[in-house]
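Colleague: Straight from Swiss-Prot, here's the annotation block:
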BINDING   80, 83, 151  Zn(2+) binding site
């Protein structure tokens, strides 16, 4: 799995370590290039995943359900495209179905699909919402992401603990104040 023209691999990580003044052959670093190569393959696996395949609907008797479906506290782990620094937090997803529902775990898988790419939080939020709208064709979609960004916490302003909140409201959640209020209440509920 060595480096070639199209893949950043073990040899590249060894060169990076040498450029930092490290010896890639020393005890603590010997296996680091291989581990980091595998880690980045994992952290960017979303490029090889298809949201349409994740959001296949199924018939289980829930097709007549016509109230909001909300899943909260979906873990988000991604890397910013500007510094390759991690950002992480939680997502809340809600949608108002029109006969097409998916297993609840599919919402987590969808977040993981888009988060496992180089991202900005704003685009990640929109990609999740647009994908749900396109593949499930619901009356409404709401997505809220709350994340901490290591590019802010470990460099630059270097303030720990700040949280960035982004949202995307589509369909009735964008135009219907009552629906939007219900989604936001369910998203914030601690009961």
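Even glycines carry a Cβ here, placed using N, Cα and C.
Because the structure is a prediction, the values reported are computed rather than measured.
Give me the local environment of each listed feature.
Modeller: Secondary structure at residue 83 (Zn(2+) binding site), taken from DSSP and collapsed to helix, strand or coil, is coil. Close to residue 83 (Zn(2+) binding site) in the fold, though at least 6 residues off in sequence, lie 151, 155, each with a CB less than 8 Å from its CB.
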Colleague: With the Zn(2+) site defined by 80, 83, 151, which remaining residues of that chain have Cβ atoms positioned within 8 Å of the Cβ centroid?
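Modeller: The surrounding set, listed in chain order, is 79, 81, 82, 84, 85, 87, 149, 150, 152, 155.
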